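Taken from TrEMBL, the feature domain 'C2' covers 1-103.
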Amino acid sequence: MGDKLGQIKVTVIKGRRLVIRDFKTSDPYVVLKLGNQTAKTKVINSCLNPVWNEEFCFSISEPAEVLKLEVFDKDHFKADDKMGNAHLSLQPLVAAARLRTILGMASEGTTLRKVIPDKDNCLAIDSSISWVNGEVVQDVWLRLCDVESGDIELKIKLSHLSCVVPASTSYGYQ
């Protein structure tokens, strides 16, 4: 990793239309990875449209990395089933923050940049990067790959605030 840029706060808001991996439903959770940092949401039992509203903080360095996520179905007697994966380049977020810093101004709610779905991300729809409450914020819906259906909603905030950073060790999600 290069020079430290600051912190990002990733809020895993909710999922929709997740795939069935058990008999009639699934018990989903999300694993987020940024470089060697990993975080995991709680398991939501028997739900295909879960609401997590869990916030995680990660250190971000230059060059900006790719945020990766995987969704799993928690199983008790065998390995957890994969429910899809997605990725999002953080470079547009970092570039928008730099632009705001260089210009030295942005009124509340100013849209700094729009990001469209392409090969560098798994966006389900266009995403705006805005200046909100003194932070650069991106709201995203990510389409899950390698699966029949499913989307995950995230809110990503770039800041220089100190917060708890996930350990560089992996969680036992298998």
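Note that Cβ sites are derived from N, Cα and C of the backbone, with glycine treated the same way.
The structure displayed is predicted, hence computed values, not measured ones.
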Averaging pLDDT over all residues of the domain 'C2' (1-103) gives 92
Using DSSP, what is the helix/strand/coil residue split across the domain 'C2' (1-103)? 13 helix, 52 strand, 38 coil
